[in-house]
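> Structure in C-alpha cells, see below.
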Amino acid sequence: MAEHTMRQQILEQFLADPEVILSGEDLSQRLGISRAAVWKHIRQLRTLGYQIDAVPSRGYRLTTQADLLLPAAVQSGLETISIGHRVEYFAETDSTNLRAMELAEQGAQEGTVVIADCQNGGRGRMGRRWSSPAGVNLYTSIILRPDMAPIQAAQLTFLSAVATARAFEAVAGIEVQVKWPNDILVNGCKIAGLLNELSAETEGVHHVVLGIGANLNMSREQFPDDLRRPATSVLLETGQTVSRVAFAQELYRQLDRLYPLYQQQGFVPIRLAWEALFYLQGHKVEVDCGADVFTGMVAGLADDGALLLDLEQGGQQVIYAGDVSVAD
Ligand code: BTN
C-alpha cells in the first residue's frame, strides 16, 4: 500500500471520532501494520503539519490545528444549505476531481465536497498538471446533480469562476479578473484554475464535479519552473498569508448562493456577473484553438458558455475551446 494511503488511513481513524485517543497497539491492529510502522507514519503526519499529541500511557490524539482543512474545521459555522454538508478530506490524493467523480458514482449527495491537503496527480485543463504542494493552497471538488441537458453544463464553469472570484475578494481583499474559459487572474497572473468534469447521457446530466484549485499561501519557490504562463498566489500578491479554512468556507457559501440563483433564474445573472469580471470584454484577442487561430474582438459569452468573437474580416466565430491572449 502506498505510504500516503496508510497515512490517510491513520488520519481517518482519528477523524472518525475527534475525541478519540488511540494507542500504537490499537492502530497497529486496526491497520495490520507493525507498531514501528505506526510510529513512522505518525512522525510523517507531524512533519506535514498535523498536531498529534502523545497522551501518557494512553496513546495518540489528533488536535485540530488552525488552518488544516479538516472536515470539522471547514464545517464549523459554515451554515450553507447544501454545499459542504459532507466533507471528504484527504491528506494526500492523486486528484480531488477523481475522488469526487468516484463518490458521485457511488451516490454521494449533491453538495458533497472533497478537499485534499496535497495532490500528487492534480489535473489541469487540456491534460496539463496542476501543481499541488501540501499545506499552502486549496484543492477542492464539489459534487452537483443539476437537472439539465449536457450542453448546459459548461455554464457551471462560469458559476464556479464567479464564486471563486468573490471568495478572493471577501477573504483576501484582492480584486481578481476572469479569463475565458476558466482562469482566475490577478494583474495578468493566474491565481486559480477551474476544471469541471461531467457524467452524462444524451438525455441529461448524472453529476458534475466542480474542481477548483486556488493558490493561497504558495511561495515563489513552490511554483514549478516550467509554468507556461505566469502564476501567483495571495501571499505573493499581498505579502500576507490567508486562512485556507476561511477561504474554503467563503467559496462554499458563494456556491451555495449562486447555485440556487442559477437554478431559479438561469444563466443570465451568472453570465452578467462573470462578464463584469472579464477583463477581455471588448478587447482584441487571439484565440489558439490548436488547428486554427482566430483574431477578433470579444463580444461576450453565448448561452452555452462559448466565447463570441467578432472577427477582423467580418462575421462572428463561436469558440468552444482554446487559449485566449490579448492582441491589442
Ligand atoms: C486549469 O486551470 O488548468 C484547471 C486547474 C484545476 C485544478 C483543480 S485543483 C482541485 C481539482 N482537482 C484536480 O485534479 N484539478 C482541480
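Backbone N, Cα and C atoms are what each Cβ position is placed from, and that goes for glycine too.
Pulled these from TrEMBL:
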- 24-43: DNA-binding region (DNA_BIND)
- Ser95, Thr96, Asn97, Gln119, Arg123, Gly124, Arg125, Lys190: biotin binding site (BINDING)
- 72-263: domain 'BPL/LPL catalytic' (DOMAIN)
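Burial and contacts for the listed features, if you can.
For the DNA-binding region (24-43), the DSSP counts in helix, strand and coil order read 17 helix, 0 strand, 3 coil.
A sphere of 10 angstroms centred on the C-beta of Arg123 (biotin binding site) encloses 20 other C-beta atoms.
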> Would you measure the largest Cα separation among Ser95, Thr96, Asn97, Gln119, Arg123, Gly124, Arg125, Lys190 for the biotin site and round it to whole Å?
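Output for biotin binders Ser95, Thr96, Asn97, Gln119, Arg123, Gly124, Arg125, Lys190: max Cα distance 20 Å.
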> Quick test of the contact rule: Cβ under 8 Å, at least six residues beyond the ends. What residues does that give for the DNA-binding region (24-43)?
3, 6-7, 9-10, 13, 52, 59-60
> What's the number of neighbouring CB atoms sitting within 10 A of the CB on Ser95 (biotin binding site)?
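So the number of other Cβ atoms within 10 Å of Ser95 (biotin binding site) is 23.
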> Rank the binding-site residues Thr96, Gln119, Gly124, Arg125, Lys190 by the number of other Cβ atoms within 10 Å of each Cβ and report the first-ranked residue.
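Result of the Cβ crowding comparison: Thr96.
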> Around Asn97 (biotin binding site), which residues of its chain at least 6 apart sit with Cβ under 8 Å of its Cβ?
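In sequence order, the residues whose Cβ lies under 8 Å from that of Asn97 (biotin binding site) (at least 6 apart) are Arg123, Ser141, Leu195, Glu197, Val209, Gly211.
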> Mean pLDDT across the domain 'BPL/LPL catalytic' (72-263), rounded to an integer, is what?
94
